[in-house]
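> I'd like to ask some things about the structure below.
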Amino acid sequence: MTIPTAHGTFTSHVVSLKKRKTTPCLFLLPTLYAVIAHTLLPDTDSDLKKRWKRKRMEKTKRKPWFWIWATASIIFRLILIYFPRNLNLSSRPEVSTPLTSLRRLAEGYWLKQASMSPYAGSMYHGSPLLLSILGPLTVKRIEGQPSNLLCSLLFVIADFISAMLLRATGQNLQMAYNKSMKSLGLVRPLESSEVLSSRDIAALVYLWNPLTIVTCVGSSTSPIENLVIILSLYGASSGLVPLAAFGWVMATHFSLYPAILVIPVILLLGYGPDAPPRKLFLQGNSDKIGDNPSTDSYYQHKEVTNQPAVPIIFSWKPVLHFLLWASIWSFYVLVLCGISVRKYGGLLEMFKRTYGFILTVKDLSPNIGVLWYFFAEVFDFFRNFFLIVFHVNILFMILPLAIRLNHRPCFLAFVYIAISSMLKSYPSVGDSALYLGLLGLFVHELADMKFSFFLFCGYVGVSLLSPVMHNLWIWRGTGNANFYFATAMAYACLQIILVVESVSAVLNHDRMLRKLPITKP
Amino acid sequence: MALLLRPIVSFLFFFATIAYGSVIEEEEFSEELLLKPLPDRKVLGYFHFESKAPPTNTYGRHHRLFPKAIYQLVQKFRVRELELSFTQGRWNYERWGGFDPISSSNAKPPGVELWAVFDVPEDQVDDSWKNLTHALSGLFCASVNFLESSTTYSSPDRSFRPFSGSLRYGTLPREAVCTENLTPWLKLLPCRDKAGLPALLDRPSIYRGFYHSQWLHLTSTESGSVGVESGIVLEQTLTVVLQPNTQRTSKTYSSDAVIQPSWSVSSIFGRKVSGRCVLAKSSNVYLLLEGGLVSEVKNLQKENEKSGAGSIAIEGFWSNPGFELSVIPDRVIKEVSSLHSKSSSVLYEFLIEKYSDSKPFDLGFTWKLPVVWSCPQAPLHASRFLMGSGNERGAIAISLKSTELSGGILGADIIEDSCRLRVDVFQVVPWYVKVYFHTLQVFVDEQPQTVTDVVEKIRVSPSEDKISPGVMEMVLKLPCDVKTAALTLEFDKGFLHIDEYPPDANQGFDIPSAVISFPDFRAGMHFLEDNSSNNSPMLSKFQERSPVLSYSEVLLVPLTTPDFSMPYNVITITCTVFALYFGSLLNVLRRRVGEEERLLKSKAAKKTGRLPELLSKLSAKLRGRPWEPPQSPSTSSSLISRKLIFKVTLVAGIAAAWQYYSG
């Protein structure tokens, strides 16, 4: 058996299932279901039937539990949608940034309807495609219903799909992980004790995260941006190259920052989903040289029982496919955009108004990031310098992280998203919702993360304090910009701690994996 | 010789006059003053000066009367038309009238308003405008040069004036107007304020008034793209609303109406007119009594006649039961028929020529009975206000209320079924007021209407951050029997860079006045056809039928301010946090535990290539110690050397490419 590549995982599992399990009932089950079942089955099992039944019982017990909560979250959103006026979330700076505000989109659509460029004036800075999809929905009104009902419904659907894709990605990860663990001969220490699989946790965290709910209800286009990012990750993790390319191209088109996700996606396609460090497999191979006498006996034992681990090769084929598809999709998107902005200054104008707006931080209205206040205060002749510094800060960490975490592309994607949502020019809680959802996928790896309680409290505290400070400053006039900026600063610090601690926790986890064989025999 | 020449010259002039018709042949200057009692116990003074210069190609470049500065301005920037006003105070449309020529052309928004039409190709208009603002700023000692920035001026399309492309319009609502602006303005007059009517302009008494607006209007066909060249016409007006002293009128009458304070030229201006400016072609003072006042006075007269007391023959109307004039007017001009009121207004003319130092002109106006009247109003009274609280967003509302006088006018038209009242709205908003045009809502009689029903045309040029202001021009068609109409537009308040705030940032920012005009209605007075009225430029200007125009209030928008003392703190704190992030993340990535270290060491030992070997040999030699070969001999030296060669060639290649492209 080979170490799974993105392609290999899925098919090899199904094939092996079919080979091994001859029970007729299995053939009737949907493939996906079978795969889930397979991942949950311990391999060293003789009495298949019994175990299978037991697992199914467990699942039937467990599954409705997940679905109940998922539906509950959808219903909760639907209830909240009916009170947009009372909640007034759409104008919160935490929810809608100049890039994602639906109100600005409606203005852009109005301008376009008045045969003006949607980018005329400094209102709309989003994609022209989003404009033509969401624009008509902002105008359409159902009698007696809140004005943005249709858009909100769309966002609820987008949220739900995101959660499901997150779950599917989690499942891919889990499967691949179990596979590689098996090939290493390690039984996952946590598997027996898990109540809820990490994929369900991720999906539920995404669905029930108050930040996600607020973003969804508060009429901003972030749910759609999050959806395409997750779509890209899902496509890459399950080997669907066109889907991955599509997600990546759309995400980049919508908000530029996901462009850096090209590295995790390529790694995901090249090496397959997250696995323990490749050195472990290499060690297994180089055992014969015997530079590590303490593990000798174990590895020899392993080699008897299991197939020897073949060193992982970076498979170029899906990557090349991805690049091809990405260029096809981007060409397609550019053609579509070109058609829709043809009369209004063409693509150059579009890039200037979307990417240019993101990169030059022209809008200084307060948000939960730190750049607005920085650029409102900084001296004009330093402005360009600091613009470069802050954007290079994102780019600077790409390479070190990619080198260190190249065996965990999904986690790498999470770190990239977290870093960019911390340093991006117009951050909103929607970005945090995305990376917190992805965080759920790595629950087991991050189990011994430090400061997690502190971080949780910090997030709660900042999300309570920030609106209060905003209210004091903007509405009451009793506060000061510095108070609000302080909460933004605290939020940035929390994100920094989260990123640093999660990276160090994962690296420690990998170290522990390496030590595990030593302690085990 | 001279005697011989004169007829020839005059003959030539005569010919030229025939040939050019209306074309100016001589430099002309005229000065006029119009006084008008206002219903709310105030007096309107309206100075009107007009200088004309003939076209350059027939007359030459040297002028006797026409101000050189203005002539050069026109020549240099190829100005076709220009209007500049400096105003302090707000014209009270409800009390001081909104339908007469003075209110529609001389009631200006507070601060500076400037618009100009240029006779240059469209791509040079902006440059001309910028230069012009600087020139005017120097000329009038005002900060007109702030209009240079593209965020302050706009190029309206339709509703303001029918010029396309080459019109620029800008306002500075906060500009304080004072005597330093008046002095250069007076300098443009041939007699300055030394003689003639401008001598009345005593600074303390003018600036004590409720409203004063100095206005300059320039029309030129100098640059000659249009057929006939008529030269340059410079009109300067000064509109002041003054309150006469009220101490003399303590007597109250039976009704609650209080008698209006009597006034004289010397009491309101503090000076008397001691003769005309000798350079002026005509120098007249007019007293305008509005239709409402005239009819009221006539009613009084009739009552008096009934009671038998009015037996005094009233030949001239200047002495009647209502009021009395201290100077007998030289001429009485009556308005032919005014559209909007039952009675026509009356104009008394006084010729200043007859007065001199020894016998100064001092018109006194003494009220004898309390008279209550009202001024003609525009069909709709416009006011504008802000809605919402907080510094994040708000809404601008323009409300139009029908005036009681308009009912009568509109009543005449109402016979037609589809009677519609056209209202043009022109509004400029600065860029930091980010208007959402899709939130435009229209209410007619407090009922929300679909926008397309009411708004006939709309032209919007949305504001660009830090580049251009937002301009909105709308043509509304309201039903004639409309009581109230309102427009609302939502906006977000922008956040500025610390340098963009004015010194007193917490005072707020001004949104310039909206211009609301009623093109269906024309403000104009039509006087009895009299050949002498042609002489007076002011009266001929009154006879032009200009559209009724009114300006709304200037709005004050408070914007949020950052902490102005914080730049260093913000920069250092933010940078510290980012440095923390960068350092700690790199540290985590770089950190290795003991086992890894060992692995790395063994690997490093394995990987030692030829070059490090040589280096270590060299260092050993230098130190004078015997060289020790590394513990584990390299097994893959050939591979590594290949790698090394590859690296060296790569670096060399990059260097060569760099050389090639940069050199």
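Placed from the backbone N, Cα and C atoms, the Cβ positions cover glycine too.
TrEMBL annotations: computationally assigned, not manually curated.
Sharing the feature lines straight out of TrEMBL:
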- A:26-44: transmembrane segment (TRANSMEM)
- A:65-83: transmembrane segment (TRANSMEM)
- A:149-168: transmembrane segment (TRANSMEM)
- A:227-249: transmembrane segment (TRANSMEM)
- A:256-273: transmembrane segment (TRANSMEM)
- A:322-342: transmembrane segment (TRANSMEM)
- A:354-375: transmembrane segment (TRANSMEM)
- A:381-403: transmembrane segment (TRANSMEM)
- A:410-426: transmembrane segment (TRANSMEM)
- A:454-475: transmembrane segment (TRANSMEM)
- A:481-507: transmembrane segment (TRANSMEM)
> Which listed stretch (A:149-168, A:322-342, A:354-375, A:410-426, A:481-507) has the most C-beta pairs under 8 A with the transmembrane segment (A:227-249)?
A:322-342
> Of the listed stretches (A:65-83, A:322-342, A:354-375, A:410-426, A:454-475), which one yields the highest count of Cβ-Cβ distances below 8 Å with the transmembrane segment (A:381-403)?
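Of the candidates A:65-83, A:322-342, A:354-375, A:410-426, A:454-475, A:410-426 scores highest.
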> Cβ pairs under 8 Å with the transmembrane segment (A:454-475): which stretch of A:322-342, A:354-375, A:410-426, A:481-507 has the most?
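Of the candidates A:322-342, A:354-375, A:410-426, A:481-507, A:481-507 scores highest.
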> Mind checking which residues reach the transmembrane segment (A:322-342)? Cβ under 8 Å, same chain, six or more beyond either end.
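The answer is 117-119, 127-129, 131-132, 236, 241-242, 244-246, 248-250, 252-253, 262, 265-266, 269, 349-350.
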